[in-house]
Every structure is written in C-alpha cells, then in structure tokens.
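A.B. asks: Copied straight from TrEMBL:
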type	residues	note
DOMAIN	7-83	domain 'DNA helicase Pif1-like DEAD-box helicase'
DOMAIN	142-184	domain 'DNA helicase Pif1-like 2B'
C-alpha cells in the first residue's frame with residue numbers, strides 16, 4: 001500500500017492465492033497466534049481480497065487411481081475398511097533400492113533429530129561440516145524457521161540425503177529427490193558427491209534462499225541444498241514428492257497431518273506405513289464446510 005500509494009488491500013494489485021486448507025498450517029514462531037482455519041477465512045482481509053475462489057481437482061503427484069482414491073478419503077477425514085486394508089498392507093513393502101533407504105516421516109522434530117544424529121554417528125569415516133552463510137546472523141532463528149536448510153550440515157560418506165530445492169527438473173533433481181553421499185570432491189571445496197535415486201551422480205553446489213523477516217526485511221542464506229534424510233518431520237515434507245517413504249503416525253496431533261504424510265508418496269509401492277490406526281485420519285470440520293460451500 002505504501003509503495004503504490006493506495007489504501008486497498010495489498011495496494012490494489014492482482015492477487016492469486018493457492019493452497020489446501022486440508023493440509024497443515026505453517027509453523028508459527030508466535031505461539032500466541034491463533035492458527036485455526038476460521039481465523040484466516042473470517043478475517044476482514046480475506047473477505048475484502050478474495051472475490052473468486054476455484055477448486056483444482058486434478059492430481060499430478062500420483063498416477064495410480066486406487067491410491068488417489070485412498071488419499072482423497074484420508075484428506076476428507078474418512079477411513080473406510082478399504083482404506084485401512086490398503087494402508088496396513090504397506091507395512092511389509094520393501095522400498096529400499098541401490099543403497100538409498102526410505103525416509104521416515106515423523107510427527108515431532110525431536111524424533112527426527114535423534115534418528116538422523118544416531119544414524120550419521122554409525123557411519124565410519126570423517127565428518128564434513130558445511131556452515132551456512134547468512135546475510136544477517138542475528139536473524140538465524142528466522143532463517144531456520146523459513147528455510148528448508150539448516151545453519152550447519154554434517155555429512156559423511158554413506159549419509160542418506162535429500163534435495164531441498166529444484167536444481168534440474170528434467171534430470172529428476174527436484175525438491176525431495178533422495179540420494180546417498182558417495183564421496184567428497186577434492187577439487188570443488190570438498191563438495192559432496194551424491195548419487196541420486198534418479199541415477200544422476202554429481203557434486204552438489206551451494207544455493208541461495210531469500211526470505212522476508214519481520215518488518216519486511218529481506219534476508220538470505222547460502223547453504224548446500226541438502227538435508228539428512230533418514231528422517232524428516234511431516235511439516236518439513238509438505239510440498240515434497242518422495243519415491244520411498246516410511247510413515248510413522250502413532251503421535252499425530254493435528255488435523256491433516258496423516259494426509260500430508262501419506263500423500264508425499266508417489267505410489268503405494270513406494271510407501272510403508274508402520275503403525276496405521278484409523279483414529280489418526282482427521283479433517284477440520286470447518287474446512288470441510290468451506291469446501292462444500294465452494295462447490296455449491
């Protein structure tokens with residue numbers, strides 16, 4: 001509004017919003033902020049800004065229609081006997097391939113940290129440390145919250161890793177692509193050589209992320225677009241497509257959490273659910289009513 005000199009919402013620019021209210025809300029750094037669906041859509045700014053709403057229905061991540069039907073049931077909080085049978089049957093799936101292990105999706109960050117730290121410590125050899133370069137070190141916590149990469153990354157040969165940025169979509173080097181560290185370059189600043197599940201082997205270069213902090217300040221982080229991938233949190237996995245994923249749902253605590261975890265898998269053959277319980281399938285009733293009204 002200040003830049004354009006107009007008091008309309010967002011300065012009167014054309015605005016396109018996209019998302020799925022049946023998935024997870026962003027992690028808020030301010031725990032006092034109410035994050036319910038009703039809070040967002042009942043806000044005055046929503047009513048003033050959103051004049052046309054449309055629902056996109058075509059699924060692109062999965063191709064198997066049976067799996068898509070199961071996911072759509074879970075998304076809307078319905079768990080039939082068919083859904084239960086389908087997901088329970090995945091617990092014996094052998095989804096590891098060519099030394100690339102399944103990534104375990106966990107509900108809590110503490111579990112993720114413990115699994116990754118323990119598995120890395122089991123590997124022999126030297127630890128290679130890669131520290132991020134932040135434009136404003138005093139904003140490290142904000143960057144940790146808003147960037148998909150950490151301030152410090154420890155790797156060893158044999159480490160299970162995941163790409164956190166699209167590098168080359170045509171070659172399969174996309175956000176969520178899985179791989180294993182095979183070596184460290186002697187010519188390129190010790191950069192890790194990664195063999196990805198898509199068959200590509202290459203030294204991974206430093207990338208840059210730009211985010212907006214409080215007050216509209218722009219801050220940046222430079223880091224390798226990698227994270228340890230024995231485990232990641234369900235929140236962090238949102239938006240990713242995974243070829244081999246193991247899901248733990250025993251400690252689900254939010255509506256939509258089970259759906260987000262299960263729908264990261266590209267196929268049933270690449271999914272293993274170790275502890276499925278129909279009780280974890282939940283959808284926010286306010287959101288369901290919103291979508292029902294949208295379709296009318």
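A Cβ is built for glycine as well, from the same backbone N, Cα and C atoms used for every other residue.
Each of the listed features needs to be described in terms of its position in the shown structure.
C.D. replies: Looking only at the domain 'DNA helicase Pif1-like 2B' (142-184), the predicted model's pLDDT averages out at 93.
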A.B. asks: If you run through the domain 'DNA helicase Pif1-like 2B' (142-184) with DSSP, how many residues end up as helix, strand and coil?
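C.D. replies: For the domain 'DNA helicase Pif1-like 2B' (142-184), the helix, strand and coil counts are 8 helix, 17 strand, 18 coil.
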